[in-house]
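Engineer: Okay, handing you the structure first.
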Amino acid sequence: MQFKNALTATAILSASALAANSTTSIPSSCSIGTSATATAQADLDKISGCSTIVGNLTITGDLGSAALASIQEIDGSLTIFNSSSLSSFSADSIKKITGDLNMQELIILTSASFGSLQEVDSINMVTLPAISTFSTDLQNANNIIVSDTTLESVEGFSTLKKVNVFNINNNRYLNSFQSSLESVSDSLQFSSNGDNTTLAFDNLVWANNITLRDVNSISFGSLQTVNASLGFINNTLPSLNLTQLSKVGQSLSIVSNDELSKAAFSNLTTVGGGFIIANNTQLKVIDGFNKVQTVGGAIEVTGNFSTLDLSSLKSVRGGANFDSSSSNFSCNALKKLQSNGAIQGDSFVCKNGATSTSVKLSSTSTESSKSSATSSASSSGDASNAQASVSASASSSSSSSKKSKGAAPELVPATSFMGVVAAVAVALL
């Protein structure tokens with residue numbers, strides 16, 4: 001097999017001249033045109049004498065194993081895909097790829113070695129159902145996506161300090177990751193990986209969006225600001241401790257974490273959008289949000305909690321729904337908050353196991369009743385239906401997960417009670 005676009009005549013002549021007149025036959029740079037495709041090791045051997053290749057290189061076809069020798073830089077992208085017989089690949093001399101490193105649909109690939117790779121724009125590893133090892137010396141990258149692989153470790157990314165996108169999903173044998181990331185300018189997402197995934201992002205100070213699903217343990221020891229949305233959905237976390245976090249710019253969602261019994265956000269003062277805590281069956285005492293002062297959207301807290309401490313709350317620009325099945329929960333403090341004008345949206349609902357209070361803030365009528373009065377049923381019925389939608393949508397099937405799990409969502413802000421529920425429901429689809 002031949003390259004679709006072979007080395008340029010200039011590069012070949014350069015190599016020949018060096019072979020005739022020098023002790024080395026390695027040209028400093030070889031151009032492969034805009035792009036070239038290699039379907040055999042013999043094709044790769046033609047450029048093995050180059051320290052730099054210019055252009056986009058694609059490797060595909062029936063290769064049992066393949067290697068790029070001597071090449072230190074690719075001024076372009078390297079794509080390895082759709083090779084049903086490729087079992088291993090190595091390019092241990094490459095230090096820099098100015099474009100992307102793409103590996104996709106390599107069904108028997110067990111190892112990929114880029115031991116010297118320090119810089120790349122993006123790495124995309126998708127549908128690698130046999131891979132067990134992937135090694136790099138990565139220091140700089142903009143985007144990392146690892147999806148549908150059998151990797152047990154992604155330590156090849158552990159030294160990265162900053163990225164735009166870090167998305168690790170549907171890797172069923174991946175159970176732990178310890179990161180050195182300090183900032184994420186677009187999104188950090190972990191979802192549908194191993195059943196007992198343990199994560200540590202203790203150097204992370206700032207992120208734009210964070211969404212975690214199907215995680216067993218998480219540590220954010222230094223996180224201070226989330227510029228947009230923060231979501232913890234369908235996890236098996238026993239606790240959440242984000243004690244350095246002071247601001248979430250848009251929505252904060254803690255939904256369907258069945259084993260969560262403690263949430264500590266002791267320095268959080270501002271949630272810029274919707275704020276929802278829902279369907280966390282073991283979360284009986286919610287006292288870790290006692291410094292929250294403003295919520296820029298709606299607020300919803302539903303579950304079986306007996307204690308809810310929002311003692312610093314001064315302003316909710318949307319509606320409010322507080323619904324506990326525990327008869328030990330008291331609405332008194334929240335009703336006082338509403339009567340003082342802090343709830344600025346179109347409705348206020350507060351229920352416990354025995355009483356219900358519903359207020360249509362757009363009108364002058366207010367009703368309180370025992371055991372679900374008619375006015376409360378009207379106002380909170382839609383909320384119950386919406387919350388059921390949240391619960392029903394909290395997981396979707398994934399072909400590579402052991403259990404049904406959904407893709408990581410982008411959570412959006414809301415400006416009313418129904419808005420925040422609808423926003424989270426849409427996000428979880």
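Placed from the backbone N, Cα and C atoms, the Cβ positions cover glycine too.
Take a look at what Swiss-Prot says about it:
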SIGNAL    1-19  signal peptide
CARBOHYD  N21  N-linked glycosylation site
CARBOHYD  N56  N-linked glycosylation site
CARBOHYD  N82  N-linked glycosylation site
CARBOHYD  N196  N-linked glycosylation site
CARBOHYD  N209  N-linked glycosylation site
CARBOHYD  N227  N-linked glycosylation site
CARBOHYD  N234  N-linked glycosylation site
CARBOHYD  N241  N-linked glycosylation site
CARBOHYD  N267  N-linked glycosylation site
CARBOHYD  N279  N-linked glycosylation site
CARBOHYD  N304  N-linked glycosylation site
CARBOHYD  N328  N-linked glycosylation site
MOD_RES   S339  phosphoserine
COMPBIAS  361-401  compositional bias 'Low complexity'
REGION    361-410  region 'Disordered'
LIPID     G406  GPI-anchor amidated glycine
Engineer: Closest to N56 (N-linked glycosylation site): which of the glycosylation sites N196, N209, N227, N234, N279, going by Cα position?
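Structural biologist: Closest candidate to N56 (N-linked glycosylation site), judged by Cα separation, is N209.
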Engineer: Tell me which of the glycosylation sites N82, N209, N227 ends up closest to N234 (N-linked glycosylation site) in space, Cα to Cα.
Structural biologist: N209
Engineer: At a 10 Å cut-off from the C-beta of N196 (N-linked glycosylation site), count the other C-beta atoms across all protein chains.
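Structural biologist: Counting Cβ neighbours of N196 (N-linked glycosylation site) within 10 Å gives 12.
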Engineer: With an 8 Å cut-off on Cβ-Cβ distance and a minimum sequence separation of at least 6, pull the same-chain contacts of N267 (N-linked glycosylation site), or say none.
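Structural biologist: The list for N267 (N-linked glycosylation site) reads T243, Q244, L245, S246, K291, given in order along the sequence.
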Engineer: Roughly how many Å separate the Cα of N241 (N-linked glycosylation site) from that of N227 (N-linked glycosylation site), to the nearest whole number?
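Structural biologist: So the Cα of N227 (N-linked glycosylation site) lies 18 Å away from that of N241 (N-linked glycosylation site).
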Engineer: Can you give me the same-chain residues 6 or more apart in sequence from the residue listed as 'phosphoserine' with a CB-CB distance under 8 Å?
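Structural biologist: The list for the residue listed as 'phosphoserine' is empty, so the answer is none.
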Engineer: Name the one residue among N82, N196, N304, N328 whose Cα is closest in three-dimensional space to that of N209 (N-linked glycosylation site); these are the glycosylation sites.
Structural biologist: N196
Engineer: If you count other C-beta atoms within 10 angstroms, which of the glycosylation sites N56, N209, N328 is the most crowded?
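Structural biologist: Sorting the candidates by Cβ neighbours within 10 Å, the top entry is N209.
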Engineer: State the Cα to Cα distance, in Å, between N328 (N-linked glycosylation site) and N304 (N-linked glycosylation site), rounded to an integer.
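Structural biologist: N304 (N-linked glycosylation site) has its Cα 10 Å from the Cα of N328 (N-linked glycosylation site).
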Engineer: Under 8 Å between C-beta atoms and at least six apart in sequence, can you list the same-chain neighbours of N227 (N-linked glycosylation site), or say none if there are none?
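Structural biologist: Result: W206, A207, N208, N209, G249, Q250.
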Engineer: Out of the glycosylation sites listed (N82, N196, N279), which are within 10 Å of N304 (N-linked glycosylation site), Cα to Cα?
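Structural biologist: Taking N82, N196, N279 one by one, the ones whose Cα falls within 10 Å of N304 (N-linked glycosylation site) are N279.
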Engineer: Restricting to the same chain and to sequence separations of six or more, state which residues have a Cβ under 8 Å from that of N82 (N-linked glycosylation site).
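Structural biologist: Residues satisfying the criterion: T60, Q104, E105, L106.
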Engineer: Provide, as an integer number of angstrom, the distance between the C-alpha atoms of N196 (N-linked glycosylation site) and N279 (N-linked glycosylation site).
Structural biologist: 21
Engineer: Hey, what's the Cβ neighbour count for N304 (N-linked glycosylation site) at 10 Å?
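Structural biologist: Step by step: centre on the Cβ of N304 (N-linked glycosylation site), count other Cβ atoms within 10 Å, giving 15.
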